[in-house]
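Notes follow once the structure below has been shown.
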Amino acid sequence: MKKNGCLLLFAYSLLSFSLTAATIDETYDESLFIKSFSSRYSYVSFAFEIGASTDSTHSSVFSESSFSLFPLSIARVMDECQVSELHIRATRGRWDYENWKESPDNGFYSGGLGFEVWAFMANDPSMKYWLKLTNQLSGLLCASLNYIDSSNTYQPQLSYPGSFSFSNNTQYFASLPQEDVCTENLSPLFKLLPCKRKAGIASLLDSHLFFDTDWHSFSIDVYPSENQSLASVKMGIIIQAVVDVERNGRRKGKTTFQPPSEYCHDEDMDSLHCLMSGYSTEHHTVDDLFHKVPKERCLLSSTFSDVFVSNGDKIDTFSLDEAANIQIPIQSTSDNHTVTVDRSLSNDGNHWGSLSSTIYNPSSSPRTIVYFEKFPWFVRVYLHTLTITLNGTRINTKDFIEKLYYQPLRDRKAGTMMEIQFSIPPHTNLIVHFNVEKTPLRLDEYPPDANRGYNLPPAIISVFDENNTKLCSLRTAALLMFIPTPDFSMPYNVIIFTSTVIALTFGGIFNLLTRRFVPQQSKFQNRQPSMLQRLKEKIFHKKRG
């Protein structure tokens, strides 16, 4: 009877939990986009999107634990750190605007050199939850995000509007341009996917080939899909790369060389100039890019058309089962820049420097530009030296700048942040110029290999149209700044030389100070004289007497 009562109580508890627990609806989609830039370079983009929503409108979906597709580790981090929106960018390489033209997806899913993290969270003026978030992400992504602190954290006001507005939210932004992107960062991404790398388009990714590309980037975006509510959220993971097909063929070991038929029949032609790679110059295949064909499609994905191939002005759609037979046509990239940006740094000795950014608007419409600069605390920006030149003519900055947010540095506590909003006329070349001062560091503040220089984070250019719609987000190249650095080898040489002299002299001096000198006795001194010696002594003694 007692046993039956316990079973009834257990069944009642399960029924009560099932009635009170919130229902979670989850979705998962994945797709692969391929576009050929030339006979040598192709762009690939792996997109994964996971959605989760709960029927409870008063609670956050991050507080739930019964997920099937949405990664529980991300949900726990978002819930514990009170984050409503999270964005992570990791990039290595330089996007070649001259040959590859416009950045992919208008630059919305690719960052600058190194790591970039920005988040919207509950009112957190003391950065308590922000630092907790970066430390947890550091362990989750196997990256050195724990080096983010108040000295490299900024609060932009214009560059990064949130997906939806939340009251009393605080936005933080940080970048680590010196952080490398490696296989240790890519492997945790696969663990966030429902099918990992066992099925679907993720089975095409090979870490060694991915990091051998000329440019690669990945992004993580967690954001709400409804205004003022975290009951429905989405997480997007995008992995991008520009693949060098010729180098990929050499790595695979199957590239053969044959003489072109146009001019190599001439016997006087140098044979080295007649070598041509054996890969096709008319189209690429999936095997050329990844050295493998995909496995079976991920059964958890709701889409059947998983591969999209750019073919001129149209997009061809294929299922993953047809990937082995897909031919990617080689096409020339069109020159359709919204805005072009170039940034340079001049070093005027070891103490002063100047920075110039050139922005060109090739379109026939004016563009609104938000220019976002950030510097470490040891680079002092002098705002009174800010000048703007329009088509070679220097203009009044007060009349030209529409909005300006400036965060001055605090010595060894916070860096400098500057956001400038202005409108650039059509077909106009604009130059933003200002001076900086390099602050000497203490001896223990120099990083390893200090003579290499220090990476300055890239500037971020946000472009808006007349209706205040964001068109694209551009990153400039990271700059290398040299600051006064002592000769660390001189103390090392002095220490080695001094230690050698001390070692050579210490042994002799220590021997003289500790040894006691005793005169050596003759080995015949204590021996008894023989009978013959005693007889001789007596004879000589009598003669002398």
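Think of each number as a place in line: the chain as shown, counted from 1.
Using N, Cα and C of the backbone, Cβ positions are placed for all residues, glycine too.
Comparing Asn185, Asn391 with the features listed in Swiss-Prot, the residue bearing the annotation N-linked glycosylation site is Asn391. Segment annotation: Swiss-Prot labels transmembrane segment over residues 494-514 (candidates 32-52, 494-514). Here the C-alpha separation of Asn168 (N-linked glycosylation site) and Asn467 (N-linked glycosylation site) works out to 27 Å. A 10 Å cutoff on Cβ-Cβ distances gives Asn467 (N-linked glycosylation site) a total of 6 other Cβ atoms nearby, all chains included.
In the structure as shown, the Cβ atom of Asn391 (N-linked glycosylation site) sits within 10 Å of 11 other Cβ atoms.
Asn467 (N-linked glycosylation site) falls within neither a helix nor a strand when secondary structure is assigned with DSSP, and so counts as coil. Around the Cβ of Asn336 (N-linked glycosylation site), the same chain contributes Lys101, Glu102, each under 8 angstroms and 6 or more positions distant in sequence. When the Cα atoms are compared, Asn391 (N-linked glycosylation site) and Asn467 (N-linked glycosylation site) turn out to be 25 Å apart. Mean pLDDT for the topological domain 'Cytoplasmic' (515-545) in the predicted structure: 68.
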